[in-house]
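Straight from TrEMBL, the features:
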type	residues	note
TRANSMEM	24-43	transmembrane segment
TRANSMEM	63-83	transmembrane segment
TRANSMEM	136-154	transmembrane segment
TRANSMEM	166-185	transmembrane segment
TRANSMEM	252-275	transmembrane segment
TRANSMEM	282-298	transmembrane segment
TRANSMEM	364-383	transmembrane segment
TRANSMEM	439-456	transmembrane segment
TRANSMEM	462-481	transmembrane segment
REGION	654-680	region 'Disordered'
COMPBIAS	666-680	compositional bias 'Basic residues'
Amino acid sequence: MKARALAVLDALAKAGSWSWDQRARVGGVLACGAAPGYAWWMLRNRDTLTALADNRVKAEVTNSIVATVVVSIALALVGIAAVHLRAKRQAPADTTDATPGLGETIDRCLRHGVLALMLPAIAALTTPKLETSNPWFTLALAGFATGVLVVWCYRLPTRERPPAKLWQVHAPALLSTLAVGFYIFQISRLALLHHYNLTTSTHDLGIYDNLFWNASHGNGLRSTLVKGDTHLAAHFDPILILLSPFYRISPGAHTIIVLQTVWIAAGAVPLYLLVVRKLSSHWAGFALVVSYLAHPGIQGANLYDFHSLSLAIPLLMTAVLLLETGASKSYAVTLLLLLLVREDMSLLSAALGVYALVTGRGRVGVLTILASIAYLGVVKLAMMPDAGLLMESTDHSYGYSTYFGYLIPKGRSGVSELLASLISNPVFVLRSVMTEDKLLYLARCFGPLLVLPFFARPGRVLLVYGLGFCLLGTKPALFSLHFQYVTLHTPFAFVLVPLVLADPAQSPALARFAATQVQFARAGALGCAMMSVLVSWKYGGLVENDSFQAGYYTLVRTYDEEAAARYEWLRQAADAIPPDASVAATDHLVPHLSGRAMIEKYPDADARGLDYLLVDRARRRRSGPSLIDVKPLETSGAYIVIDEHPTGLVLLKRDPSVPLPVEKPKKSKKTKKTKKSKQG
């Protein structure tokens, strides 16, 4: 016993005299050896991870972890020994200098074995509901795994680039094409399943489907689902008229759902071309295409109904590409298409003009800014019912001052009031921006891009408007990955990444990497792909998680027999309604009937008296607890039940010979309070 104790003390004394390199090797072997075992245990015991995260585990669980880790380290040591013996056998017999030492073998194993450190972080991400219970830790785990990969990739030796072989050019392009195809198929499938489960609504899929129907029939931007029966009450988006011929191929909301997916996926093309141009690497182009398609913000904008704003994503990226290539005519055409997306795109195009100015393209920049201002002025003053940027909420227009409710004093509205708050109360503004929800939003948006866009010294101007709009807003949708507003900054963020990777010296913080730009670009592109995939896993739409929503609703990913039977009944009911008939429908049924001239949302007051009603009795009103009630219309004989589904869907037809029942007047809140006070 005494001899063993002395041996242990002697070993500790020798360890204390080790050099830093020796200690680092031992630490590296232990860490890299333990990592696979720990990851393996977590993957085999996923049901225990939640308790493990709170340190609420029994002794046998702890012993199981220790045993697994010890076995993993032992296997790592056996592997190192095998590599060392193999190297000694392969060394020339007539020389001793060429025989590698154990330290060199360990260094060689650790050079790639360091990747094992990623495994526990990735395994920990499988903890149920981790993305909602501890979002910062979730991002930290994804960041750690990505950091290990980035460091490993950066330290790889750089080889002189021979002329690109044919397969080196076409393989990344082919893989990028396959990735785009996979994205279109999967996102379209999920969006359609969500739609067929009756979880889309009037706002905004029903509105845009009705807009496309009217545009394809020569009615411009008319829609009976918005104020004044024209979309000009909200936005001016004539690009819908240009795209309306596609709607005629197969009229219905399903067409614009797929159209939006294909359109957004097309953003991968200008991104790939820009990366190849700036970095001369087709593989880097493929990596950033993966990052783009996996980004949770891109998927969120895609899976929330349909919005004209989302159509700006590939156009913004194409505009930057054409600016960088100097293709002035193509840039002008792209700029025109961008302006046709929505009237407020003129603010983003003005940002493009400022970017052109600060990057030495003065003439293009000035013309872009002037065209943007002129276009916005003409549209606001001559076409839309309200000339204000945020507009007023009236019978003929929608107001957007409520988007910035905390920054605009109560009872006021308009951009001038917002600017007044920014200037007069900057402390309050900063406090409203630095909330946890908004910081998490930034981390989830820019974390997948390794925050590289913020290092684009001249290009950061492209982010100012979009980030300002989202971070100054008080409406939660503005700083959520699940809505279309990521369009205002995310496309610019992606095109800034290759600009930073191509020239790290533009930022003082990255200037040290200028001498190793090739390694920096390679590691950065791979890191963006890895981080985007991990963040998408926990916050995106492709993989089921506890966080992602399609707008306001949880994304429905299944389509069982009950849902199929319900949708088939709805489809047949819709077919039974004459095309020229006027219809009112419950909110979530509107997108399935909106391909017609006259459609209203029931139970809005102006929906009474239409030819047909398609109502879901079981669905509650969004504005209150009461169920949709059509019994007064039935009992009076004003509407006759044609067909009914067991789940509560009912189709009714108007009997014009019977007058509508008199609707009971609603009691105001003031009347209710008075009544309560009298009773008290």
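Placed from the backbone N, Cα and C atoms, the Cβ positions cover glycine too.
Take the transmembrane segment (462-481) and the stretches 24-43, 63-83, 282-298, 439-456: counting Cβ pairs under 8 Å, 439-456 has the most. Only pairs six or more apart in sequence are counted, and the transmembrane segment (63-83) with the transmembrane segment (24-43) gives three or more Cβ pairs under 8 Å, enough to call it a contact.
Nonlocal intrachain contacts for the transmembrane segment (136-154), taken as residues 6+ away from its ends with a CB within less than 8 angstroms of a stretch CB, comprise 112, 114-115, 117-118, 121-122, 124-125, 130, 440, 443-444, 447, 450, 516, 519-520, 522-524, 526-527, 530-531, 534-535, 538.
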